[in-house]
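Per Swiss-Prot, these features apply:
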BINDING   111, 114, 182  Zn(2+) binding site
């Protein structure tokens, strides 16, 4: 992976080693983003025409290009590690050894089975070792991996593994609660169900007290 930050390369290698990387083909380095958008727009035009839509209508004529731009620059931007957020780690001079929790992180992802929306929130906690991470970086990491075709179980484990790798500690926990529009808007059309996934590492898995403290934070209990 050329021209990646040290953190992005480290994270990618950790996910590959654990079998948690999103299924990806070898990168097509010869294609820049503008070429990708042009090709996607062309294929989207064909799909819309096969649906018998009239692309000469002023409401539809730019839709293939809008979709292509949205895919490459927005909802699937996390497929490109060049977009991995800049990470700020601070030496733990304060010797913080209690749980740090970031709750209700908004995430919007895309179901890789049907390419429809996953809409949810994540709660992430860790117990610092040698470093602490800028709090907004946790949100950005969640959003980066959400900006891919995903399954929720993998997304949860990816966030856990990435933070363990960057922070140099296994003491990380992640919980995601999300509504899947492949369930809500099609198939069974269940508009009220939600899916919760949790991934625990280190003390969050081995210590009942630490685990319960995290789960209380997830449930917003004092």
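A Cβ is built for glycine as well, from the same backbone N, Cα and C atoms used for every other residue.
Taking the mean position of the Cβ atoms of 111, 114, 182 as the Zn(2+) site, the remaining residues of that chain whose Cβ falls within 8 Å of it are 110, 112, 113, 115, 116, 118, 180, 181, 183, 186. Within 10 Å of the C-beta of residue 114 (Zn(2+) binding site) we count 15 further C-beta atoms, all protein chains included.
For residue 111 (Zn(2+) binding site), applying a Cβ distance below 8 Å and a minimum sequence separation of six or more within one chain yields 117, 118, 149, 150, 151, 180, 181, 182.
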